[in-house]
Amino acid sequence: MTVAQPLVLLAAGGTGGHLFPAEALALRLRDRGIRVVLASDGRVEALSGGFPASEIVSIPSATPSGRSPLARGAAFLTLGRGFAAAIRAVRRLNPAVVVGFGGYPTVPPLLAAQMLRVPTLLHEQNAVMGRANGFLARGASVIATGFSEVRGVPARAGARRVHTGNPVRPAVLAAADTPYPALSPDGPLNLLAFGGSQGARVMSEVVPEAVARLPAPLRARLHVVQQARAEDLARAEAIYGRAGLASASVAPFFKDLPARMAAAHLVVARSGASTVAELAVIGRPAILVPLPGSLDQDQAANAAVLGAAGAAFPRPQTDFIPERLAADLEALFGAPERLAAAAAAARRTGIPDAAERLAALVVETAIAASTR
């Protein structure tokens, strides 16, 4: 990068799905000697511990959703306050590039940068472009995508699209060095269930009940690791305690989740972009249950990509009930060659160097802008 004292401003919503790829990019940029500042909303404090940024700027934000005119009006007022704060931040920081990772918290910083004629790069993690990124796409210098095909990219923005893949954290890359665990007729079976950085109650409602319905010889071989919300822990632990499992570990959050993915023979999870990217890079088969009710249906699209590749087994939440999950688990654990094939297919879809690809694109964008 040719600009003096280079600085890149990253804008990401305060959930793991947005912060994890931003963190992976920040590490690569820092390795290149580039200063990184993170702009996000108030939720970031709970998840940003150790984020590799020299500064974290809190920008007021809200999502204008729902049918209430008052609620939507209040959300737009908050976004307006965020835009004013973002204008001040962009002027003060004078970044070479502003990179957005989607979600409404990124709208004020990206829109401020575009109005101040600072180059902007959007990263769309999902197989369907989100509404915030769609709104910002026309003014973006470059659009990077996690999937090779992304629905909903504005036609005029398509020529500026570059497929980089979804950046994953160093812990995921380290876990990817672990081969798929061998399966034997009487050996251990490792099942991991989680619902993303914010948890998912449906996992606690369905997975323990499904496991309890498995044949006793299968349960005796089963080692379960499950993420559950704090209010669901006691119920899940009680069901597992009565099920006669080889072992069960239930907790609200696992800091070493990538390592636990690597140890799993099968994963049951939502299909957020970061989860899908991590499963692919590590190379683990999964039963994916897309989050229902989304206007964009992005998780369904993400799951469909892995399903089409033979790397995952998508299940709509309407079909995600204990009886059907138990049947899926029994069938898959009874077909080790099918699980191994899905693991290999998952690894083929992964892009382990996505963070480096995206970092190179950020630098190229800054250089192109500085030479105009």
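Backbone N, Cα and C define each Cβ position, glycine as well.
Because the structure is a prediction, the values reported are computed rather than measured.
As given in Swiss-Prot:
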{"type": "BINDING", "residues": "T15, G16, G17, N126, R169, S197, Q299", "note": "UDP-N-acetyl-alpha-D-glucosamine binding site"}
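In this structure, the binding-site residues under consideration are G16, G17, and the one with the smallest number of other Cβ atoms within 10 Å of its Cβ is G16. For the recorded site, G16 (UDP-N-acetyl-alpha-D-glucosamine binding site), the DSSP three-state label reads helix. The C-beta environment of Q299 (UDP-N-acetyl-alpha-D-glucosamine binding site), restricted to residues of the same chain at least 6 apart in sequence and closer than 8 Å, consists of N126, R270, S271, G272, L288, P290, L291. In this structure, of the binding-site residues T15, N126, the smallest number of CB atoms within 10 A of the CB marks T15.
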